[in-house]
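Inspection log for the structure reproduced underneath, given as structure tokens.
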Amino acid sequence: MLSLRVSCPASLCASVEAVLRAEPTISSLTVHRGASLTPQGDVFIADLPRETANALVDSLMELGVQHEGTVTLTPVGTWISSPGLEAERRAPGRGPDSVVWAEVTERAYSETELTWTYVSFMILATLLAAIAIVTDSAILVIGAMVLGPEFVPIAALGLGMVRRRPGLIRQALRTLVIGFAVSISVVAVVALLARLTGVIDVSQIESARPGTAFIYTPNWWSLTVSVLAGAAGVLSLTAAKGNGLVGVFISVTTIPASGNVALALIFGVWSEVLGSTAQLAINIIGMGLAGWATLALQQIVWGRITSRRQSRTRPAP
């Protein structure tokens with residue numbers, strides 16, 4: 001169940017009310033006349049199933065509410081309502097499976113902004129990965145994977161293509177490129193200091209590392225895992241009750257690969273530089289393509305469900 005709130009100017013109030021009254025799955029509708037001061041107009045509050053939110057939001061956007069007013073969607077954690085239960089039953093599909101595009105797009109824009117927090121997490125995760133490589137610790141590698149914040153920007157690339165948002169694609173690319181460049185550079189400087197002070201020597205980088213060798217030895221399994229992880233991650237981001245992101249984080253090798261690139265560059269182990277760079281590229285491309293395909297499939301499926309529903313509810317001429 002979602003709570004929809006619309007604050008709109010007086011010129012659009014009648015049209016907005018007509019759209020909301022025409023939606024059969026709205027279980028409750030409240031109108032506060034003249035309650036909105038900016039813009040001057042009314043405030044509408046409606047409860048509706050997740051499954052029907054996209055069509056309703058699209059109708060409000062066609063009216064131009066977003067240009068002068070505001071449309072917000074808020075998940076309702078607990079609700080007790082027989083009309084609400086009946087609305088859920090009438091809505092197509094299942095709520096936890098439905099994709100609310102406005103919600104997903106807003107999260108993508110928010111979590112792909114290049115912020116100090118994002119860059120800090122990238123640096124810390126890459127530093128942790130570098131320590132894991134030097135000590136050949138698989139546990140630390142997992143910790144670095146979980147700490148890395150890079151998945152949402154990668155998924156946002158697919159979302160931008162599916163929803164035709166070039167601005168989102170540019171923002172995600174900028175965040176990814178700068179994030180990886182800064183984190184690799186910082187770790188490289190730290191590795192150089194460690195080499196000059198004798199904390200780390202080249203033998204620790206060149207020696208056999210059975211626990212972390214997969215980082216610089218990509219193969220077909222690398223691509224397979226990145227594709228599966230990308231699809232699972234997008235499903236977790238779009239579902240109402242997604243909880244699989246941690247599994248995604250510890251399945252891909254982006255952060256460990258970037259950490260090994262920094263170390264291998266400083267110690268001149270060029271085979272590992274090339275292998276880790278290939279691993280990084282394979283993981284990003286695999287997750288990006290899988291995310292795009294998953295989102296495209298979801299858009300097609302839910303688009304058809306919405307179209308069939310609208311054709312059934314359209315009044316006869």
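Cβ coordinates come from backbone N, Cα and C, glycine included.
Positions annotated as transmembrane segment by TrEMBL: 115-133, 139-160, 172-200, 220-238, 245-268, 280-302.
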Task: Candidate ranges 115-133, 139-160, 172-200, 245-268, 280-302 - greatest C-beta contact count to the transmembrane segment (220-238) (under 8 angstroms) - done: 280-302
Task: Top partner of the transmembrane segment (172-200) among 139-160, 245-268, 280-302 - counted as Cβ pairs under 8 Å - done: 245-268
- [ ] Would you mind listing the long-range same-chain contacts of the transmembrane segment (245-268), meaning Cβ under 8 Å and 6+ residues beyond its ends?
- [x] 122, 125-130, 132-134, 141-142, 144-148, 150-151, 154, 180, 183-185, 187-188, 191-192, 195, 200, 202, 205-206, 212, 214-216, 222, 225-226, 228-230, 232-233, 236-237, 276-277, 279-280, 283-284, 287
